[in-house]
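Per Swiss-Prot, Zn(2+) binding site is recorded for C69, C71, C87, C90, and the stated evidence type is sequence analysis. The Mg(2+) binding site annotation in Swiss-Prot covers D489, D491, D493.
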Amino acid sequence: MTYQKKHQHLRIELASPEQIRNWAERVLPNGEIVGQVTKPYTLHYKTHKPEKDGLFCEKIFGPIKSGICACGKYQGIEKKKENIKFCEQCGVEFIESRIRRYRMGYIKLACSVTHVWYLKRLPSYIANLLAKPLKELESLVYCDLFLARPITKKPTLLKLQGLFKYEDQSWKDIFPRFFSPRGFEVFQNREIATGGDAIQKQLTNLNLQNVINLAHLEWKEFAEQKSTGNEWEDRKIQRRKDLLVRRIKLAKHFIQTNIKPEWMVLSLLPVLPPELRPMIELGEGELITSDLNELYRRVIYRNNTLLDFLARSGSTPGGLVVCQKRLVQEAVDALIDNGIRGQPMKDSHNRPYKSFSDLIEGKEGRFRENLLGKRVDYSGRSVIVVGPFLPLHQCGLPREMAIELFQAFVIRGLIGRNFAPNLRAAKTMIQNKEPIIWKVLQEVMQGHPILLNRAPTLHRLGIQAFQPILVNGRAIHLHPLVCGGFNADFDGDQMAVHIPLSLEAQAEARLLMLSHKNLLSPATGEPISVPSQDMLLGLYILTIENNQGIYGNKYNPSKKYDSKKKFSQIPYFSSYDNVFRALQQKQIYLHSSLWLRWQINLRIITLLNQEGPIEIQYKSFGNSFQIYEHYQLRKNKNQEIISTYICTTAGRILFNQQIEEAIQGTYKASLKQKTFVQKIEKNG
């Protein structure tokens, strides 16, 4: 973790062996250096206490209980680092137990091990820098091949150079006759290398500036060449040019960041703090442990075996040492990225171990779940579906989600109203889904807005407040008009639900963030809650009519059409209710033409040119009917209008009623607001 200009940020880079040692090593007040894990043990099988120098050693990682050493002694914890005390008998410091979450250890490897990320991940950084095929390097890393004269600048006794198989050469039988066992071991380590040692020596021998210069010259030669006319050759040249560009970029990055390429080969293996790879005791002495502990144990077992072989190298066959080096490499590979080479290491239940890469990568890994994005309490997530029956400021919240989000409020309501005596009883009622909890939940939700958010939140309308209502199912119901602000549609989009807890957050949500108060785009000022797509198509179908005016067809055929029967006349209705009743009884249909009695004081919008009546009918008492294309006027003998009828459809009447109710509701709300403001001014 580094700090730059007072902004905290995280930078991931290669660590040198010295840096790994500094992470883990400490000097105790008695001068003893601790930090190296040498034993593959975890907890003692009888006492369940950490084994000394093992993966949970209190001397290395700190005490399990604050202020209590491994002997069981207790001393007060000193806040100043200079005054920290430790037990002279067991070497454990008297400090807080939470240090076990931060303090690291390390394993000193008997042979260098190549970091599998930089070898097997694409692109392979080691293959790019060394300009060698990946398969060739893999054979070298896993000890299938040997490298003669890994350091070419020094004089050599061997005429061999490059890769070869160990058993194919006769020198291994000839040279031991001229050297002592110790001398032959020194000669072999200098002249021949395999495994991570061979890779490390080649990387150490690299001159990065020369790599850049040579790659640049080769790229210029290819750039000056013209097309060969052969598509296969041109592709081959282009791939080579791309490889040279990657090599130049990689070498420049190493130079700029002051990182040495040989650090891609490990000689010290960091051991994570114990709290990040816990071992938990269940009932009856049963233990469960993190997979990392098993992988660390395997590394230590194989590393200690290799140390024993090297300690008695005179009596150990060379092939056995080489085989053990390969096993150490494979154990470290499994710890870092299990299964990257094919078949993963598995436990006794044939389940692959979870390696370090599995813990940090992916959606549920350490970075995406705990660092880049964090799980939030009092929040949920579900798919959205259309809810056209909802007002603009409401949303439908599934019962299952609502009872989980508002559980704390429901529990308080149950206990406060004496429906439950305590917390456990209230939780039991919720788990059993007793009917009373839904009533309490509805009362809690009435005055509590919720926040809906759809990622990515690119502007302030990406998160809006709504008044929740309970709905069945598992999907969130949303009014289609608010989709514009969220840039959402109903093809599987998901939205997050958040509960504002503090009074300030609830007030902000209610006063500023409710959806019906965010109708304009903050960027352009234009309306953003406008009908589109399905809504426009639905409005068109609702308001369309089969015949335009009485010219199209003066009479509509009835459902039971018979050419011999007379056409039924267009029906007359005196109110909206009569129309809806007839529509419900299927006497008329949405697109059926009808005459609706209109209020006399409402103006009828006609064409700009004054329209003349199509027909005028006179009655015996002097009353008259003036029939126009879209309306009728009934007048008395004094030519005063008695009634007005307009030609429309049931669908248009339904649409008009919704518009009227919306306008009246807005008008009433504005009157209430004015009255409220006037009262405040008077009281002020």
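Every residue gets a Cβ built from N, Cα and C, even glycine.
Cβ contacts within 10 Å of D489 (Mg(2+) binding site), excluding its own Cβ and spanning all protein chains shown: 14. The most densely surrounded of the binding-site residues C87, C90, judged by C-beta neighbours within 10 angstroms, is C87.
Cα of C71 (Zn(2+) binding site) to Cα of D493 (Mg(2+) binding site): a span of 58 Å.
Within the same chain, the residues at least 6 positions away from C69 (Zn(2+) binding site) whose Cβ sits under 8 Å from its Cβ are E58, P63, F86, C87, Q89, C90, V92, E93, F94, listed in sequence order. Just so you know, the Cβ of D491 (Mg(2+) binding site) picks up 7 other Cβ atoms within 10 Å once every protein chain is counted. Excluding D489, D491, D493, which define the Mg(2+) site, the same chain contributes I384, A488, F490, G492 within 8 Å (Cβ to the Cβ centroid), listed in sequence order. C71 (Zn(2+) binding site) counts 12 other C-beta atoms within 10 Å of its own C-beta, drawing on all protein chains shown.
Mapped onto three states, the DSSP output places D493 (Mg(2+) binding site) in coil. Around the Cβ of D493 (Mg(2+) binding site), the same chain contributes V383, I384, R454, each under 8 angstroms and 6 or more positions distant in sequence.
Using the Cβ center of C69, C71, C87, C90 for Zn(2+), the list of other same-chain residues with Cβ within 8 Å runs, in sequence order, A70, G72, K73, F86, Q89, G91, V92.
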